[in-house]
Each structure stands twice: as structure tokens, then as C-alpha cells.
Amino acid sequence: MKVLNEEQTSKVFDKLAKYIGDNIKLLLDRPDGKYCFRIHKDRVFYVSEKVLRMASNVPIKNFISTGTCIGKFTHSKKFHLHITALNYVAPYAQNKIWVKPNAEQQFLYGHNVLKSGLGRITENTQKFQGVVVYSMNDLPLGLGLAGRSTAECKHADPLAIVCLHQTDIGEYVRSEDTLI
Amino acid sequence: MGRKALYDEAAKKKKGPGRKAKKQKDPTFAFKLDDEGVSKKLSHRQKKRAMKRTIKKTEQLEKKNKKKNKGKESALLTSELVTVKGKNADKKLSGVPKNSIKPKPFTDENNSWLKPKKKKKEASDDESEDDVANGVDGSDASQEIDEGSDDGVGEEASDGSDIEEDASDEEDGSEQEEEEDGSEEEDGSEDEDDCKVGKLDDLIDDEAVEDDGSDEGDEESADEESGSDDEDMLPIEKAAKKLNQQQAIEREEGENELQLNIADREIFAFPDEEEIEKPLGIPETEQRIKDILMVLSNFKKFHDENRSRTEYIELLKSDLCTYFSYNRFLIDRLVDLFPLTELMDFLEASETQRPMTIRTNSLKTRRKDLAQALIARGVNLDPVGKWSKVGLVVYNSSVPIGATPEYLAGHYMIQGAASMLPVMALAPKENEKILDMCAAPGGKATHIAAVMKNTGTLFANDVNRERAKALIGNFHRMGIINSVICSYDGRHFTKVMTSFDRVLLDAPCTGTGVISKEPSVKISKDEVDVQRCCTLQKDLILEAIDAINPKSPTGGYLVYSTCSVLPEENEWVVDYALRKRDVKLVETGLDFGNPGFVSFRQFRFHSSMKLARRFYPHTHNMDGFFVAKLKKFSNAKFDTAKDDKSEPEVKDVDFIERTSDSEQESSEKPAKPKEPKVKAPKHGRGKNRAKVSLNGDDPTLAEKFPRKKEKFFAQAKPARFKVDGTEFAPKERKNKVPGGEDDIESRSTSKKNKLKKQKLEAKLAAKKEALAAREKSAEGSSDTTNKPQGKREAERADKSKNDARTMAPSAKPSPESQSVNKKKWKKNKNDLVPPESASNVTNGQKADESGKSSSPAQRDSGAKGVQKRPAENGLETAAKKKKKNNKKGPQQNSNPAQSSPGNVKVVSPSETSGSPQSQLAKSKKKQKKDKKKAQNVEAGLKTNSTQKTVDSHKKRKTKPAKV
């Protein structure tokens with residue numbers, strides 16, 4: 001359990017900013033106490049300091065997880081968001097995509113969202129911006145990248161990809177072992 | 001206007017329906033149906049039918065009369081016959097033409113004798129012949145009558161004949177008077193023929209004849225009937241009849257069989273040995289199970305005289321094993337656990353799956369919303385019950401419940417209904433520090449977090465890293481952010497963290513409550529598994545209690561739960577915890593469920609055990625579960641005083657084993673408690689004394705050894721005396737009759753040691769001889785004969801005490817050299833004064849005592865002697881053990897799994913007995929434990945230090961908090 005170094009911090013924040021933009025501030029200044037980022041075995045945890053204090057009692061070899069794991073650093077030192085970060089990303093997301101019920105299942109199996117499955121999309125979404133994918137009844141389903149900007153979407157082919165799949169909640173079942 | 005008041009009539013008038021709805025009067029007819037008035041003219045066919053009716057009537061009447069008169073007829077005078085004739089004539093007069101028989105048309109009724117066309121002719125020919133013949137007879141008869149009755153009777157007859165003539169003229173002129181007479185006569189005289197015909201003809205005649213009680217056999221008629229019926233039946237009718245008959249037969253057979261079956265069931269014959277050996281089909285086994293259960297339900301009534309209940313139960317058990325495919329061990333346990341009817345329910349409930357239940361994640365959604373969302377997806381569900389606000393039962397679903405978007409979004413958790421109970425019992429509060437010791441896969445842990453509303457801290461621990469991965473998934477899916485997930489051996493969790501407000505220990509168990517989920521339990525578990533689980537659970541529960549902060553303002557609670565129904569894993573463990581730690585059982589807060597066992601077979605648990613809750617698949621339709629809630633009051637650990645019984649108080653333990661053990665050690669056992677007193681003062685005299693007295697007085701002990709009761713007390717009593725021996729000895733000596741009880745006691749104890757002793761005797765013979773010889777010479781030759789045995793022995797004992805002291809524990813001085821007293825010696829061999837008792841007696845006293853020759857003293861000493869050896873043995877072994885422990889110490893520390901379970905023996909019979917021996921052993925163990933603990937602490941410190949070095953300064957910072 002280490003504090004993130006400068007480089008790591010910037011990478012993490014950059015990534016988060018893709019999805020939640022300026023709302024990162026809200027993650028850091030919370031009314032319910034101080035929260036912080038910690039790294040353990042390349043996994044980045046976002047956790048309340050109170051809990052962290054207790055968690056530091058656990059020997060490293062026995063430690064598994066605390067708070068919320070938001071992602072991991074790959075071997076090439078890139079930062080990947082995990083589906084587990086959805087809890088924090090979804091409420092603050094700036095760009096959202098709603099998928100139709102029949103496309104919902106597709107997305108949960110790890111596929112991209114096509115124009116035909118697109119229900120709604122936030123205005124002013126830029127191309128390749130991070131988006132949170134919602135079902136039509138406002139259930140966050142996962143994270144992705146906008147394949148088209150909002151304007152492009154309107155005129156796109158029905159089979160054009162409007163959202164590139166990054167991670168989805170189907171992974172809780174599909175890849176439980178490699179979740180974090 | 002208005003109504004007229006008809007005062008008089010109004011009162012009389014009956015109030016009926018309105019004027020317009022006036023009731024119609026009964027209709028009146030112009031003609032009268034009755035014969036009073038003019039009858040309507042009959043149609044041709046009506047006339048014919050009427051004729052037939054009348055003819056029949058007359059025939060029947062005639063028959064009746066004939067029957068009545070039959071006996072008399074022969075004897076009767078002709079005049080009477082005439083009168084009969086006259087009557088007949090009268091009847092004929094009444095309007096029925098006599099020869100109306102002939103024109104009868106062909107109908108179903110008369111088809112038997114009246115044949116259509118061709119046959120009719122033949123029949124009529126026959127009839128005519130008959131008629132002729134009859135006519136002859138008839139004429140004879142008439143002649144007779146005529147001859148016999150010259151008086152007016154004849155006139156009457158002639159009158160009658162005249163009338164007949166008229167009638168015949170009317171209808172059939174061709175027939176002659178004679179013939180008519182004859183035919184008339186024929187009707188009357190030839191009753192039999194008529195009867196037959198009548199029977200075949202129609203039912204009415206049939207009945208009439210039967211009423212008359214005709215001579216003919218019923219069988220004949222029946223045969224004829226059927227025969228005649230068959231001839232005329234349509235093929236389909238025949239088939240139907242056949243079918244009916246067959247069905248009747250089958251029904252009869254069926255009934256017989258049924259009765260046979262009933263008979264079988266009523267008298268269940270206990271199968272022979274060979275039959276038991278034979279493999280039986282599943283349905284037969286099921287039947288036999290039912291039969292045996294029925295027998296057992298009313299054993300007195302149904303049982304086989306030669307078979308005992310145990311035999312029946314044995315058979316039942318083996319049948320249950322085959323039928324439900326359990327292994328024998330588990331069936332034994334379950335039979336012990338449940339009454340037989342309930343057992344069947346349990347076994348059957350364990351075959352079927354419990355309904356799937358889900359728990360709403362109150363952090364993300366509400367039950368109502370979730371239910372709506374799921375119903376929209378085609379899931380049929382209902383609230384699980386009033387006891388839970390988050391549970392839902394899923395009856396059926398068109399989509400996989402474990403893969404709906406709602407599930408993936410963490411809106412609910414698939415979880416057995418029973419799994420919610422421990423958390424409800426735990427009743428977590430916000431901002432508490434809570435530990436779930438065996439958390440995977442996280443159903444209960446996430447429930448706790450949800451109840452805490454993501455505040456405070458939740459430690460979710462599971463020893464298995466692989467399973468802990470499920471924890472990660474579930475915690476993140478459910479959106480729990482206040483958790484620390486770690487993989488640690490729960491038995492050492494206090495090293496990581498203590499002072500929790502609440503701890504949930506959902507201990508690993510054999511899973512006998514969730515057989516429906518995991519059927520492999522049925523055959524995979526055995527005694528050893530249960531013991532292992534039990535040991536592990538005991539360690540875990542102590543560790544869990546240690547991790548609790550008793551001064552917590554909000555909590556200080558432990559909830560212990562298992563998914564097993566065996567008391568070994570439940571009540572026993574909790575009982576153990578109650579002994580070992582300063583905890584008490586409290587209400588679980590669950591308003592349903594069966595109370596925990598206060599007593600189970602030979603075990604007696606703490607009386608508050610009824611506050612625990614048991615749940616069964618067959619009564620609550622949830623997994624078998626046990627939930628107990630404990631409140632911790634202090635950090636006190638009762639390692640010593642309460643340690644006496646590491647197991648629940650045992651009443652009447654397996655008798656056979658016990659006795660065999662005890663017989664071997666019979667002489668040794670009672671001695672043990674004394675031993676530590678004298679030789680090992682460490683243990684505290686007072687305490688030991690208490691134990692001894694307890695052993696002597698404790699009624700449960702007496703129950704434990706019912707067969708050996710006498711023996712036991714015989715030994716135990718002197719042992720007690722011995723405690724105060726020196727003071728009371730002189731008094732008793734005076735009263736004591738030498739050679740009385742003592743001999744009996746000693747004999748009883750000595751028998752079993754004879755062999756052992758004899759061996760030693762040989763070795764020691766030489767020394768003793770010398771001593772004895774000396775003694776003899778000192779006391780004189782007289783003592784061999786006159787002196788009471790006890791006295792002599794005492795003297796000898798006293799003198800040989802030095803030798804005895806040097807001897808090994810089992811070694812007793814036996815004066816083989818004295819051939820005269822050899823036998824007596826053998827009897828009282830055990831009365832020899834053992835070293836300790838001897839040491840009690842000072843040298844100065846020795847002479848006096850020997851002079852006084854008190855048997856009580858001997859008894860005391862004897863008892864001591866008997867008891868002494870094993871005690872020494874025990875000490876030696878204890879010493880050895882200690883050494884071993886010292887050697888083992890580090891190893892045990894290195895292997896944490898062994899260290900603590902090793903101390904807690906589960907079911908060793910010697911321990912369960914609570915006998916002095918076991919107590920001694922325990923006291924030793926206690927020491928052992930203390931040492932180990934010290935070592936553990938050291939080890940812990942070491943590990944801590946290593947951690948420190950590895951870890952950053954953070955650790956050190958937090959460390960004081962931990963302490």
C-alpha cells in the first residue's frame with residue numbers, strides 16, 4: 001500500500017478526467033471524510049482514510065483489497081480503468097450513452113454499441129471521449145469511448161459503431177478471477 | 001273509492017298472491033279415471049294387455065292356492081276340489097276369457113316359449129299334444145269330480161262350464177269344452193311345468209314362484225336363465241357381460257390382494273440375516289423403511305417378540321443409507337438428532353432444492369423497485385417473509401437470475417434465506433468496526449456492509465485466497481467501499497486486529513444442513529471430518545471472541561453460525577466458548593427457529609443454549625442452520641478452572657469403551673487426583689482437593705460408571721479419606737472391624753492387577769523375604785495365626801515402605817516368602833502402604849499404628865497404594881510430555897494450525913470422563929498451553945518485528961492502536 005507517485009497520479013487523473021472531467025475534484029474533496037488513492041501490486045485503490053488506517057494493519061501478503069479498486073497499471077505503465085471504478089465514475093460522468101434494451105445484452109457480452117442500439121446520447125460528446133454506458137432505465141452498464149461525436153451519430157449508418165467497448169459489468173460474471 | 005272493508009271476511013280470508021295472480025284451481029275432467037264412472041273405451045292393444053294382466057293374476061293366484069293346498073290336496077275331498085274349480089270359474093267369470101292364452105302375441109316377455117312363426121307351429125303342435133294328454137287327465141279329474149259330487153256342486157260346475165263355453169265361443173269357437181277344462185286343470189294341477197315356464201318367462205312370475213318357495217333348485221333356474229339369455233343376446237351384449245364378469249373377478253382378486261398387502265403391513269416380519277444381507281430394490285427399501293417406521297411408531301404393538309428396538313433401528317439405518325445414499329456415519333448422527341418422523345422429513349427435504357432467494361442490496365436499490373424490475377424481466381417472485389425486509393423468493397424465472405443486468409449492477413445478491421439470519425442476529429450498527437472471519441463468497445459480509453450503510457469498517461477475511469476472489473467481485477459489484485478484504489488464517493486473526501465491535505463467525509462446517517445444495521456431503525463426511533471441523537471451530541470461536549472489544553459502547557457481540565445441524569459443530573462449540581471465555585449467550589433477535597439443544601443425548605450444554613437458534617430444511621424451508629449470539633463481558637480467559645471439561649458435561653458415555661478402558665486402569669484411575677497434590681504442589685492443593693471431592697461426590701460420575709459404581713466409590717471414598725487421612729485415621733481405627741470391607745474392596749481392585757503384580761513380585765521377592773523374616777522374628781510367631789490380617793499387613797506394609805518407595809509405580813511388595821499368609825496377602829496385596837501414605841505416617845507413629853493394627857489405616861493406605869501407581873505414571877508421562885513439548889515448541893509455533901487444535905481434544909473418551917486422570921492430563925495440558933502461548937506470543941512478536949522491517953513506518957504508527 002503505497003502512495004501514488006507523481007507520474008502515476010497524473011496518469012490516473014488523466015484517465016479519470018476522460019470520463020468525469022472536472023468532477024475529479026468531487027472525488028478528492030468529499031463531505032464524508034478524506035479519501036485517497038493507494039497502489040498495491042499495480043492496483044490503484046480509492047479508499048477512505050479511516051478504512052485505510054485499519055487496512056494498513058493487514059500484512060501485505062495477506063492483503064487483498066480495500067475500498068474500491070479503480071484500475072491497474074499495466075506492465076507498460078499505462079493506467080486502465082476497471083469496471084469496479086464504475087461506482088465512482090458513473091455518478092459524475094459527463095458524457096453518457098443510453099442503449100436500447102436489445103443492445104443492452106450485446107454490450108454486456110463485451111460488444112461495441114452500434115448506431116442501431118443507440119437510445120440516447122449526451123449532447124456535445126466529442127469523438128473518442130470516455131462515456132458511461134447506461135441502459136434505458138438508467139442502469140450504468142459500463143465504460144466506453146465514443147466512436148462518433150453526437151453530431152456524427154445522427155447521420156451514421158445503423159451498423160456504425162457509436163461506442164467502443166472498454167469495460168462492462170458483465171465482467172463480474174465473465175472474468176471474476178481477473179476482476180482486479 | 002277505496003277498498004271495501006269486509007270485516008268478517010277479511011279476517012277469514014287467507015292472504016295470498018294478488019288478484020291477478022290468482023291461483024289456478026285444480027283441473028276437473030269430464031270423464032272419470034276411476035272405475036266408478038264410465039270408463040273410456042279401451043283400444044285393441046290395451047284390451048290385449050289387460051287380458052294378459054288378468055291371466056297372469058289368475059295364474060299366480062292359482063299357483064299360490066295350489067301351493068297352499070298341495071299338501072292337503074291329496075287328502076282333500078272332491079268337494080273341495082270342486083269348490084276350487086268353482087272359484088276358478090268365478091274368476092273366469094270376472095271377465096277374462098279363458099282361452100286368451102292362445103292369441104298372445106310375441107313379446108320379449110314370452111319369447112322363451114312363444115316362438116315366431118315356424119317355431120310357433122311346432123310349439124303349438126307340442127302344446128296341442130300336451131293339451132290332449134292333459135285334457136285326458138283333466139277330463140278324468142272332472143269326471144271324478146262329477147262322480148264325487150252329485151249335489152249342487154255339480155250344477156255349479158256345469159254352470160261354470162257353461163260360462164266357459166260362452167267365453168270360448170266369444171273368442172275361439174274351435175276349442176272344445178273338455179279341452180278347455182283340461183287346460184284349466186292343467187294350469188292348476190301341473191304346477192311344476194307352469195312354474196318353470198313362468199320362471200323362464202318373466203321376472204314377475206319368477207319372483208312369484210320364488211316367493212312361493214318352489215321346490216326347484218335356484219341353481220337350475222339360474223343356469224337356465226343364463227343359458228336362455230345367452231342364446232338371445234346380441235354379441236355386444238355378450239361381450240359386455242363377459243367384461244362385467246371379468247371385472248368382477250378382478251375386483252375380487254384385487255380385494256384379496258389388498259387384504260394380503262394389509263396383512264403384510266400389519267405384521268412386518270423382521271427379515272432374516274440372509275435377507276438383510278441381500279441387496280434390495282429401491283421401492284422395496286422404501287416400503288421396508290415405511291414398515292419399520294410404523295413398527296417403531298408403536299413398538300409395543302407391532303414388534304417381533306424376538307427382535308429388539310435396536311435391531312429395528314439398525315435395519316432402518318441401513319435401509320436409509322441405501323435409499324437416500326448416505327454413508328452410515330451421517331445417518332447415525334441424524335438418527336440421533338431427529339425423532340424418526342422428523343428424520344424422514346429432514347431426509348426428504350434434503351433431497352429437494354430450497355427455493356432460490358435473493359437479497360436486495362439496500363445500498364443501491366429498494367426491494368420494491370428491484371421486484372418491479374425483475375418482474376418486468378419475467379421473474380416470478382415474492383417477499384421471503386415478514387422477518388426480512390430485503391429478501392425475495394424467486395419462484396421461477398424466464399431469465400437466468402445470476403446474469404440479469406440488475407444482478408450485474410449489484411442490485412441484489414443470490415443468497416439462501418438462512419444466510420440472512422446470522423447478519424440479522426448480528427445487527428450491525430453504523431460506524432462500527434466489524435469482522436467477518438470466514439466471509440467468502442461474501443453474501444453475509446455484503447449484507448453487513450449494507451446494513452452499516454457503507455460506514456465504519458468491515459473486515460472480510462477468508463483463509464482461502466481463491467475464494468477471496470469471489471469476495472472482491474461481490475464487494476465491488478455491490479458497491480461496498482468500507483471494506484478491507486484479506487486472506488488470513490482466522491485462528492490467528494487477533495494478530496492483525498482486535499477490538500472489533502462485532503464479529504460474525506460463519507464457521508466452516510461439514511455442511512449437513514445444506515445437503516440439498518451439496519449432496520456429496522452425504523457420503524463424504526465421517527467422524528474425522530466432524531472432529532476436524534469441530535476443532536477448527538473451537539479455535540475460531542475463541543479467536544473471534546478474543547478479537548472482540550468487550551468495552552465497545554455499541555457492541556461486543558459475536559454471532560456464531562454454521563450451516564450444519566450436528567450439535568458437535570454447534571452447541572458443543574458454543575458451550576466450549578462459554579467455558580473458555582467471559583461470554584454469555586444472548587437473544588439472537590430472530591423470532592423463529594428452534595431453540596438450541598440444552599441437552600443432547602449424553603451431552604449437557606449450558607442452560608442458556610436455548611437462546612441459540614436452529615433452522616431445519618423441513619420445518620423452515622431454508623437451509624439447515626445454527627445461529628448463536630454471544631456477548632463478551634471481559635477479556636478474561638478461563639484456561640484453568642473451567643478447563644476441566646474441554647467438552648460438555650457428559651452423562652452416560654459410550655459404555656462399552658469406557659468400561660474396557662476403565663477395567664484396564666481400574667486401579668489406576670482413582671489415584672490420579674491425589675498424585676498432583678502430593679507430588680506436584682504446583683497445581684495447588686486446594687484446587688486438587690476440590691477435584692477429588694468432586695470426583696467422589698459427583699452424582700454424574702456415578703451415572704457415568706453405573707456398572708463400576710461400587711468399585712468406583714469404594715476407591716473414591718478412601719481417596720477422600722486420605723485427604724484428611726491423618727486426622728481421622730485414629731478414630732476410625734477404633735471402630736473398624738479388621739478384615740471386613742477392606743478385604744472386599746481390595747479384592748475387587750486387586751484382581752485386575754494380579755497379573756501385573758505377580759511379575760513384579762518375583763523380582764521383589766528377595767527383598768521382601770528378608771524384611772518379612774525380620775518382622776516375624778520381631779513380632780513373634782503368634783501373629784501368623786491369631787493376629788488379624790489387616791494388622792499384619794499394615795505392619796508389613798510399614799516396614800516394607802522403604803522398599804515400596806523405591807519400587808516402580810506398579811510395584812507392590814507382596815510377601816511371597818510367607819507361604820502361610822500367601823493367599824491373604826494376595827487378597828490384600830493392594831493394601832500395602834504406598835510411599836506417599838507411608839510418608840504421611842511418621843516413623844514414630846509407625847510402631848504405634850502397627851501395634852494398634854487398624855484396618856482403616858490399611859484401607860487408606862491400601863487405597864492409596866492402588867491409586868498411587870497410575871498417578872505416578874501420569875506424572876511421568878506428564879513430565880515426558882512436557883519435555884516433548886519443549887522440544888516441539890518451536891515447531892508447533894511454526895505451524896499455527898497444529899498448536900491450538902492440538903490442545904483441544906475433541907472426543908477422547910478418557911477426557912470426556914472428567915476422571916481424575918483426565919483432569920491431571922488437562923492440568924498438564926494447561927501448563928503446556930501456557931508455555932505454548934508464551935511461545936506464540938514470542939513468535940508473534942518476531943513476526944511483528946519482521947513485518948516492521950518489511951513494512952514502512954506506517955505500521956509502527958498503527959501498532960499502538962492495535963494494542
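Backbone N, Cα and C atoms are what each Cβ position is placed from, and that goes for glycine too.
Within B:ASP501, B:ASP506, the residue that TrEMBL lists together with B:CYS438, B:ALA439, B:ALA440, B:PRO441, B:GLY442, B:GLY443, B:LYS444, B:ASP462, B:ASP489 for binding S-adenosyl-L-methionine is B:ASP506. Taking a C-beta cut-off of under 8 Å and a sequence gap of six or more, B:CYS563 (active site, nucleophile) has these contacts in its own chain: B:ALA418, B:ASP506, B:CYS509, B:GLY511, B:GLY513, B:VAL514, B:ASP623, B:GLY624, B:PHE625, B:PHE626. Under DSSP, the residues of the compositional bias 'Basic residues' (B:41-55) split into helix, strand and coil as follows: 12 helix, 0 strand, 3 coil.
Across the residues annotated as binding S-adenosyl-L-methionine (B:CYS438, B:ALA439, B:ALA440, B:PRO441, B:GLY442, B:GLY443, B:LYS444, B:ASP462, B:ASP489, B:ASP506), the widest Cα-Cα separation comes to 20 Å.
There are 16 other CB atoms within 10 A of the CB of B:ASP489 (S-adenosyl-L-methionine binding site), with all protein chains counted. Across the domain 'SAM-dependent MTase RsmB/NOP-type' (B:346-633), mean pLDDT in this model comes to 92. Its Cβ placed at the centre, B:ALA440 (S-adenosyl-L-methionine binding site) has 25 other Cβ atoms within 10 Å. Sequence-distant neighbours of B:GLY442 (S-adenosyl-L-methionine binding site) (same chain, six or more apart, CB under 8 Å from its CB) are B:ALA460, B:ALA470, B:LEU471, B:GLY473, B:ASN474, B:PHE475, B:MET478, listed in sequence order. Within the same chain, the residues at least 6 positions away from B:LYS444 (S-adenosyl-L-methionine binding site) whose Cβ sits under 8 Å from its Cβ are B:GLN415, B:SER419, B:MET420, B:PRO422, B:VAL423, B:ASP436, B:LEU504, B:ASP506, listed in sequence order.
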